[in-house]
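Below is one structure, written out as structure tokens, with a few remarks after it.
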Amino acid sequence: MTDKKYIVALDQGTTSSRAVVMDHDANIVSVSQREFEQIYPKPGWVEHDPMEIWATQSSTLVEVLAKADISSDEIAAIGITNQRETAIVWERETGKPIYNAIVWQCRRTAEICEKLKRDGMEDYIRSTTGLVVDPYFSGTKVKWILDHVEGSRERAKRGELLFGTVDTWLIWKMTQGRVHVTDYTNASRTMLFNIHKLDWDDKMLEALDIPRAMLPEVRKSSEVYGQTNIGGKGGTRIPISGIAGDQQAALFGQLCVKEGMAKNTYGTGCFMLMNTGEKAVKSENGLLTTIACGPRGEVNYALEGAVFMAGASIQWLRDEMKLISDAFDSEYFATKVKDTNGVYVVPAFTGLGAPYWDPYARGAIFGLTRGVNSNHIIRATLESIAYQTRDVLEAMQADSGIRLHALRVDGGAVANNFLMQFQSDILGTRVERPEVREVTALGAAYLAGLAVGFWQNLDELQEKAVIEREFRPGIETTERNYRYSGWKKAVKRALAWEEHEE
């Protein structure tokens, strides 16, 4: 046990950077958040400015301590959780990026993925990395940068350039370029990492022509990686001692550390993870096999289903369609109609993730008749989040052989009671919403705290996992299956849309 009172979690997300201070009882003392720019150079392309990621994240760290009136010497450790797969390449000497960060949602590398498939790499990638061939993962993004920034591949071979996911980039900046590391959970999302041998995979590096010299060292999710100075020169040196990709951090924050426990996070995308313990379960149903954290941050495996558009489809209603002025209004408008009037929205704006994995699917609205109004479309958009979650859960139960009795949920959209009730209805299972919604930050804080003895073990934290509300199914099985079959019909029609274009 340390005499320091607080842990800081840095939660670097897709649309904002956050810092959260927690005390020993896992209470949230203070939160600071800053949004940053989304860059869309072409349709289907998504970028961030790595310097803006760093600027927003470092300023929230200073801000959150000031807000809580806490001095840096009261902080026991810092944990980091991050948007996964997003790829950054920078100069070792200057710490300057050679290109913008290519974000996980970006589809520009679809052609590179097609070539990997043509070269017969699909099965190898599946069995070695646990992933499917898709532009979502970091490997093809790094290749794209090296292919398009002149002279960069040669510089990378000479050790002048470094690659990292967002966790690696932040730690490099926080340690003034002294530490170049990532953790197993983030490495498992690159398509360059052998999840069984726990090492970078030479065959994948060769296939994508990525020099090994630019890759970070891979470490456990809970250990001291280095120190950062808060308050400039002569400030306090604080250990950075926890790293996990956002979804694995949420799984840990929900204390799903035993085989068969699962959670679904409703953020920009929707991510369901089920802990499968020490065995890597190969999916026959389009899910990913990935690395998660055991009770001490050690390597466990998980099955994951990723849905690209969840909260992002509500933002689409607000920003592009102008049907709502605030995301919170979606619940109000959805409940003004008794159903969707036969409408299904398939929000395949950047293709579809699990279990379809079709980068060429595109968004569509089906079942429109003259009586359909904006409330029906708002409701159908919310319902699409629950339908996509059922797609993933069905695949997960088939792969694992485990029937889920309750789903733990977290993320921004779980505040929407309509969505949570519909989710329970369409799954036919209990949905449990925790009291503390910041489970991603919680996971990063737990990992950091365990590494420095702030908490001795997870047993100390079990009683803190309080369920605020439980949703139970309120519709009959026949009704549930009827609605779901309509969804399946709609999805089928949205698949493989784009590749027919000239």
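Note that Cβ sites are derived from N, Cα and C of the backbone, with glycine treated the same way.
Listed features, source Swiss-Prot:
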- Thr14, Thr15, Ser16, Thr268, Gly311, Gln315, Gly412: ATP binding site (BINDING)
- Thr14, Arg84, Glu85, Tyr136, Asp246: sn-glycerol 3-phosphate binding site (BINDING)
- Thr14, Arg18, Thr268, Gly311, Gly412, Asn416: ADP binding site (BINDING)
- Arg84, Glu85, Tyr136, Asp246, Gln247: glycerol binding site (BINDING)
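The secondary structure of Thr14 (ATP binding site), as reduced to three states from DSSP, is coil rather than helix or strand. The secondary structure of Gln247 (glycerol binding site), as reduced to three states from DSSP, is helical.
Neighbour counts of Cβ atoms within 10 Å were compared across the binding-site residues Thr14, Thr15, Gln247, Thr268, Asn416; the minimum falls on Thr15. With respect to Asn416 (ADP binding site), the closest of these binding-site residues in Cα terms is Gln315, chosen from Ser16, Asp246, Gln315.
Taking all protein chains in view, 23 other C-beta atoms sit within 10 angstroms of the C-beta of Arg18 (ADP binding site). In this view, Gly412 (ATP binding site) is surrounded by 17 other Cβ atoms within 10 Å of its Cβ, with every protein chain counted. Annotated pair Thr15 (ATP binding site) and Arg84 (sn-glycerol 3-phosphate binding site), C-alpha to C-alpha distance, rounded: 13 Å. Cβ contacts within 10 Å of Tyr136 (sn-glycerol 3-phosphate binding site), excluding its own Cβ and spanning all protein chains shown: 28. Residues near Arg84 (sn-glycerol 3-phosphate binding site) in space but far in sequence (CB under 8 A, at least 6 apart, same chain), listed by position: Trp104, Thr165, Val166, Thr185, Asn186, Arg189, Gly245, Asp246, Gln247. Using the Cβ center of Arg84, Glu85, Tyr136, Asp246, Gln247 for glycerol, the list of other same-chain residues with Cβ within 8 Å runs, in sequence order, Gln83, Thr86, Trp104, Arg189, Gly245, Phe271, Ala306. Annotated sn-glycerol 3-phosphate site Thr14, Arg84, Glu85, Tyr136, Asp246; additional same-chain residues within 8 Å of its Cβ mean position, judged by their own Cβ, are Asn82, Gln83, Thr86, Val103, Trp104, Arg189, Gly245, Gln247, Gly269.
Gln315 (ATP binding site): 16 other CB atoms within 10 A of its CB, across all protein chains.
Here the binding residues for ATP are Thr14, Thr15, Ser16, Thr268, Gly311, Gln315, Gly412. Their largest Cα to Cα distance works out to 14 Å.
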